[in-house]
Amino acid sequence: MTRDIVIIGGGVIGLAIAVELKLRGAEVTVICRDFQAAAAHAAAGMLAPDAEQITDGAMKSLCWRSRSLYSEWTSKLEDLTGLNTGYWPCGILAPIYEGQESKGVRVQEGEGESPAYWLEKAAIHQYQPGLGEDVVGGWWYPEDAQVNNQALARVLWAAAESLGVELKDGITVEGLLQQQGQVVGVQTNTGIIRAEHYVLATGAWANELLPLPVTPRKGQMLRLRVPESVPELPLKRVLFGKNIYIVPRRERSIIVGATSEDVGFTPHNTPAGIQTLLQGAIRLYPQLQDYPIQEFWWGFRPATPDELPILGTSHCPNLTLATGHYRNGILLAPITAALIADLIVEQKSDPLLSHFHYSRSQKQASTIPMLTHSANFSNGHTKNPPLPTLDSPLIIAGKSFHSRLMTGTGKYRSIEEMQQSVVASGCEIVTVAVRRVQTKTPGHEGLAEALDWSKIWMLPNTAGCQTAEEAIRVARLGREMAKLLGQEDNNFVKLEVIPDPKYLLPDPIGTLQAAEQLVKEGFAVLPYINADPMLAKHLEDVGCATVMPLASPIGSGQGLKTTANIQIIIENAKIPVVVDAGIGAPSEASQAMELGADALLINSAIALAQNPAAMAQAMNLATVAGRLAYLAGRMPMKTYASASSPVTGTIS
């Protein structure tokens with residue numbers, strides 16, 4: 001587990017991540033240039049994925065998930081601090097003007113969908129008295145809500161402080177120190193700050209530190225005060241109009257916002273901006289023209305070209321990105337904190353993160369590499385064109401991999417076949433039996449020279465070990481073997497404890513004992529296990545980097561015989577799940593990935609094929625296809641037929 005973490009940015013996103021990481025046991029430092037300048041102070045606090053009419057499917061899902069967390073999340077923060085966040089599930093009313101949108105009844109189907117109700121003119125004016133005469137109807141979004149954004153920022157700061165997060169306000173970050181693909185420190189105006197892991201959450205200023213497509217979008221806002229002559233708060237819900245929103249607060253203030261101006265970091269309110277806000281607000285709710293103005297302010301939202309956030313891994317394995325939230329930073333704070341903490345602490349990447357990876361803006365990153373080198377196959381198979389991807393890298397023990405297929409080196413008829421197959425598989429991790437290399441077992445001679453270990457990550461395994469003590473000893477040898485091949489920082493080990501010579505089933509007790517010791521010694525342990533959900537959980541709890549449940553006995557080629565248990569493991573694991581052993585055909589590889597497995601390890605099915613290199617490529621394609629299918633989401637199964645072609649509106 002990564003414990004020492006520096007978060008660059010002290011806005012709502014950075015503080016939310018800091019609190020979540022601290023609650024999970026990490027030591028966290030937050031570096032903040034100016035807490036009062038954070039975009040959170042210039043927001044209105046709407047939690048409005050429905051009213052915003054977000055059309056991107058992944059973004060909508062992210063927003064809905066975050067909104068569903070809000071009640072429990074704010075309660076937790078309030079319990080930690082004794083302060084009020086102003087969370088108010090008041091719903092949002094979206095009035096419309098003539099010609100703005102056609103009327104009708106919105107029908108939303110499917111689990112997780114939010115309801116929306118159309119109100120005719122008479123109904124909406126009765127429901128919310130005082131609306132402008134131009135309002136001809138509107139939508140009611142009962143699940144949207146609001147939070148007092150400024151109160152939330154203060155509560156998050158107080159929560160972080162109370163938990164022991166080190167808060168460094170007034171510190172300017174001048175750059176990220178990088179060496180050999182890692183961030184090794186943060187250069188600030190007061191010196192260098194170092195950690196094991198770093199999180200970039202600097203909002204609109206992200207581009208100052210990394211070449212990310214994040215630009216400032218200025219927003220002007222104002223606050224009105226409900227006069228004392230008005231006995232009750234006239235608005236009990238947010239009004240969301242065309243290019244304007246009106247947000248009532250229970251302490252009798254009303255927020256009006258917001259402009260959206262592409263003017264860089266140009267400061268200050270402008271007469272034109274304030275006039276636009278007042279005109280829009282008064283047209284929507286005319287009595288505001290008589291309310292006193294308390295204050296004006298402005299802020300800078302972090303915008304991206306597609307208006308989606310940038311979340312997840314970066315070009316450095318110890319740098320995580322959480323920026324570009326644009327209009328939805330307040331809304332997305334709880335889900336961002338949870339997903340980023342999962343990624344850093346548990347090395348578990350939620351499939352949703354793949355949609356928000358920084359590489360989506362780079363043309364060259366819009367494909368999955370199928371083959372890393374050219375390969376000549378005897379049957380004429382050639383390198384396939386790359387496929388489009390929604391995916392983010394596989395992360396194991398903080399190290400990123402693009403391929404989700406791992407392979408081995410055993411059972412091949414020749415070194416040449418093994419070399420061709422490794423290349424054809426596109427894999428980045430190859431497991432090697434330490435004992436067989438040490439004893440120069442036939443087929444394992446010359447492995448050090450056979451593969452390019454500068455491009456392939458070695459996964460030493462303890463195959464042949466029958467006890468925990470033996471496996472621990474061989475794991476130590478494996479680490480030294482990796483160092484001899486130039487992988488000085490390789491602490492990976494595939495743990496196998498197999499006393500059963502007939503069925504080659506792993507010993508759960510010995511595996512757990514060995515795993516506990518190896519984790520204490522600093523190994524990233526990848527244990528091979530029966531598909532036992534309870535054992536998988538115990539191994540996760542002791543600190544293993546992955547779990548590797550078998551699909552069926554080693555080398556049997558029986559395919560997926562443990563599907564139900566593997567599904568349970570996948571649903572409950574917070575570390576990567578790698579299905580290992582027994583897969584015999586590409587269709588089975590694809591099926592395992594469709595279940596939600598994070599990766600596969602396949603050796604026998606490739607090595608024992610009539611054309612190993614071609615089978616390696618097929619397994620690569622199947623792994624990619626299964627992963628894409630899992631991310632895309634399977635259509636629901638039905639007990640009845642549903643015509644693919646329309647039965648009405650056809651041309652006769």
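Including glycine, each Cβ sits where the backbone N, Cα and C put it.
Quick caveat, the model's predicted, so the values are computed rather than measured.
Among G555, G626, G633, only G555 appears in Swiss-Prot as part of the 1-deoxy-D-xylulose 5-phosphate site alongside A581, G582, N603, S604. Of the residues E52, E571, E588, Swiss-Prot places E52 in the same glycine site as R301, R327. Neighbour counts were taken at the CB atom with a 10 A radius for the binding-site residues I5, I13, I330, A581; the maximum falls on I13. Its Cβ placed at the centre, Y326 (FAD binding site) has 22 other Cβ atoms within 10 Å. Taking the Cα of N603 (1-deoxy-D-xylulose 5-phosphate binding site) as the reference point, the closest of the binding-site residues I5, I13, E52, R301, I330 is I5. Model confidence over the region 'ThiO' (1-366) is summarised by a mean pLDDT of 92. Binding residues for glycine (E52, R301, R327) extend across at most 16 Å, taking the greatest CA-CA distance. Note: the CA-CA distance between R327 (glycine binding site) and G45 (FAD binding site) rounds to 10 Å. Over all protein chains present, the Cβ of G45 (FAD binding site) has 26 other Cβ atoms lying within 10 Å. A581 (1-deoxy-D-xylulose 5-phosphate binding site) and E52 (glycine binding site) have their C-alpha atoms 47 Å apart, to the nearest angstrom. The separation of G45 (FAD binding site) from K494 (active site, schiff-base intermediate with DXP), Cα to Cα, is 48 Å.
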